[in-house]
Amino acid sequence: MASSLTCTGVIWALLSFLCAATSCVGFFMPYWLWGSQLGKPVSFGTFRRCSYPVHDESRQMMVMVEECGRYASFQGIPSTEWRICTIVTGLGCGLLLLVALTALMGCCVSELISRTVGRVAGGIQFLGGLLIGAGCALYPLGWDSEEVRQTCGYVSGQFDLGKCEIGWAYYCTGGGAATAMLLCTWLACFSGKKQKHYPY
C-alpha cells in the first residue's frame, strides 16, 4: 500500500485525527459548564444541557429532570452568544475533521498529499482552530443568561462564573483546537512527498 506522506506526515495525520476527535467530542458533550440547581448537578454545552427544571402539577412545585438533551430549537439556546458559538465551533470542528480524514487517506493513497496540498491542509487546520478558539472565547459572554444564572446562584455574569465551574468538555474542545493550530499546522508543511515529474 503506497503512501503519499513522509514519516512526519504520518505523525501529522494521526495527530490531526486525535485533535479533531478531541475537539468534536468536547463540542458535542454538554459538559462545558458545571453547576447545581435544586440540589441536583446541572451542566451546559453550547447547544445541549443536562438536568432542567419542570413544574410538577401533582406536587405543585419545581422538580429537576435528570437527563441530557439538546435544546428543542436553535432559538431555544439561552443566549445569542451561545448560538454564534455553536455555529463557529461546529464549523471549526468540521474543518479539522475534513483535514484529518484527508490526511488519514494520504497514508493509504499514493500522490494524494503533495507538499502544496499539505501546506493548504495546514492552513485549513489553522482556520479551523481559529474558529474553535473564537467559539471558546465567545462562550463566557453567555454566562449572564437566565438559565445560567438560575444554576450559578444569580451571581454569574459575562466572564464571571459565580458558583459554577468550567467543565472538562470546554478544555477538550479548546485543547484540541490549540494543538491543531500550533502543532498540526507546522507538521503539515513537511507532510507531503515531493511529487514526481513525469516526462509526458
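The chain as shown is numbered from 1 upward.
Quick reminder: no glycine exception, Cβ is built from N, Cα and C everywhere.
Over in TrEMBL, the protein carries these features:
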SIGNAL    1-21  signal peptide
TRANSMEM  87-108  transmembrane segment
TRANSMEM  120-141  transmembrane segment
TRANSMEM  168-190  transmembrane segment
- For the transmembrane segment (168-190), the distant same-chain contacts (Cβ-Cβ under 8 Å, at least six residues beyond its ends) come to 6, 8-9, 11-12, 15-16, 18-27, 29-33, 45, 89, 92-93, 96, 115, 118-119, 121-123, 125-126, 128-130, 132-133, 135-136, 139
- Item | Chain residues in Cβ proximity to the transmembrane segment (120-141) (below 8 Å; excluding those fewer than six residues from its ends, i.e. six or more beyond) | 16, 23, 27, 32, 46, 79, 81-82, 84-86, 88-89, 91-96, 98-99, 102-103, 113, 158-159, 170, 173-174, 176-178, 180-182, 184-189, 191
